[in-house]
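**Q** Starting off with a structure, shown below.
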Amino acid sequence: MLKSLTKINLTTQIFIGMALGIAAGALFGEGILPLANPLADLFLRLLKMIIVPLIITSIISGVTGVGGAGSLGRMGIKTLAYYVTTSMLAILTGQLLVNIISPGVGAELGLQSQPQAVDASDQSLFGILLRMIPVNPIEAMAEGQILPIIFFCILFGIFMIQLEGKKREGLQNLFEAGFEVMMKLTGFVIALAPLGVFGLIARIVATTGFEPFKSLGIYFITVVAALIIHAVITLPLLLKLLGKLSATKYVKAMSPALMTAFSTSSSSATLPLTLECAENRAGISNRTTSFVMPLGATINMDGTALYECVAVIFIAQAYGIDLTMPQQAMVAITALLASIGAAGIPMAGLVMMSIVLKAVGLPLEGIGLILAVDRLLDMCRTTVNVWSDSCGTAIIGRSEGETEILQERSE
Ligand code: ASP
């Protein structure tokens with residue numbers, strides 16, 4: 001029995017975990033929590049344990065693997081161009097849909113509802129950039145501040161390349177071996193994904209229920225529809241046109257990561273799986289994945305950008321405020337910045353929304369209106385965030401001359 005169970009591939013196992021999680025959460029309600037909580041927490045803690053050492057070893061070996069300042073600069077520019085283009089496309093899709101459907105017009109939301117305390121601490125563009133520089137790299141590592149860690153590791157890698165002979169070789173071997181160990185460790189944690197996903201999903205279904213959809217149903221549908229258009233039409237088109245790759249095959253290869261993104265609502269926690277699937281299931285080189293993916297998990301968030309834009313326009317509609325064209329443009333630009341600044345953790349997008357609201361002079365309390373469905377939308381947008389990182393990595397891999405991607409690999 002156990003033998004035949006382990007024969008089922010990982011994707012199916014995770015899918016079964018998810019389906020059983022929904023059923024158990026709906027059937028037993030909070031009664032499932034004593035089982036779901038430990039499974040969910042165990043899996044999440046193991047994933048979080050991996051993130052920092054994985055990012056450090058992956059970025060440093062990635063930067064040294066790319067080789068030379070020239071190719072690093074070229075790859076960096078391609079990566080950033082992809083991030084900004086796809087995030088803007090996502091924002092435009094959301095903007096179009098929310099203006100057509102107008103879910104907030106006349107919505108019965110009880111506008112006096114709970115004002116939320118929102119951390120609007122320095123979220124200007126300069127503030128975001130400044131916070132990328134760690135005052136103390138060790139502290140950043142201890143606290144798991146991903147962007148400052150990445151910043152330090154990229155610099156460390158760049159200057160490591162400038163060492164000569166044995167010194168450089170020694171360090172490079174050390175980080176490459178460290179990265180291999182972390183990937184093996186990741187493989188071990190991934191085997192637990194079906195159980196973890198079961199726990200996470202059962203917990204969400206048991207605690208959130210279906211009540212919030214009564215008043216926010218149309219808003220919810222608008223966000224999800226826009227996310228689906230971006231994930232199913234826009235990104236696959238880019239994958240086909242720029243990478244000459246089939247999205248159906250690629251989604252199959254990346255599915256364990258996508259399902260984990262959905263269950264954890266965290267791009268960072270999903271990063272170990274994203275790397276594993278891209279390298280071992282899709283056949284993208286370590287040189288590309290280890291540079292593009294950690295960066296993408298932190299700053300490329302198409303789903304979050306789209307969501308920020310739809311949510312803010314929805315809030316304006318609910319308050320009966322008509323946004324002018326320049327204000328709509330302002331929403332689009334600040335939504336992009338907010339998505340770049342948001343950390344890859346659950347509900348980060350909700351907190352960052354304050355900068356978009358402030359930019360067009362809407363009350364921060366507006367966030368209180370959409371809180372009820374944020375949890376579920378977080379799951380959906382995180383999945384799109386990880387899918388966009390994945391597509392970007394494949395496209396950049398192809399543009400760097402990789403021909404092995406998606407060639408006769410199954411599991
Ligand atoms: N949870 C999202 C992520 O990790 C960020 C967000 O809240 O939008 O990708």
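For all residues, glycine too, the Cβ spot is worked out from N, Cα and C.
Remember, TrEMBL labels are computer predictions, not curated facts.
Copying in the features that TrEMBL gives for the protein in this structure:
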TRANSMEM  12-36  transmembrane segment
TRANSMEM  42-68  transmembrane segment
TRANSMEM  80-101  transmembrane segment
TRANSMEM  146-164  transmembrane segment
TRANSMEM  185-206  transmembrane segment
TRANSMEM  218-239  transmembrane segment
TRANSMEM  329-349  transmembrane segment
**Q** At a C-beta cut-off of under 8 Å, are there same-chain residues at least 6 beyond the transmembrane segment (42-68) that contact it? List them, or none.
**A** 75, 141, 144, 146, 149-150, 153-154, 156-158, 160-161, 172, 175-176, 178-179, 181-183, 185-186, 189, 192-193, 195-197, 199-200, 264, 268-272, 275, 286-287, 289-291, 293-294
**Q** Counting only residues 6 or more past its boundaries, what in the same chain has a CB within less than 8 Å of a CB in the transmembrane segment (12-36)?
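**A** Answer is 5, 193-207, 255-256, 259-260, 262-263.
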**Q** Out of 185-206, 218-239, 329-349, which stretch has the largest tally of CB pairs under 8 angstroms to the transmembrane segment (80-101)?
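**A** Per the Cβ count, the answer is 218-239.
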**Q** Looking only at residues six or more beyond either end of the transmembrane segment (185-206), which have a C-beta under 8 A from one in the stretch?
**A** 10, 13-14, 16-18, 20-22, 24-26, 28-33, 35-44, 46-47, 50, 54, 256, 259-260, 263-264, 272-273, 275-276, 375-376, 379
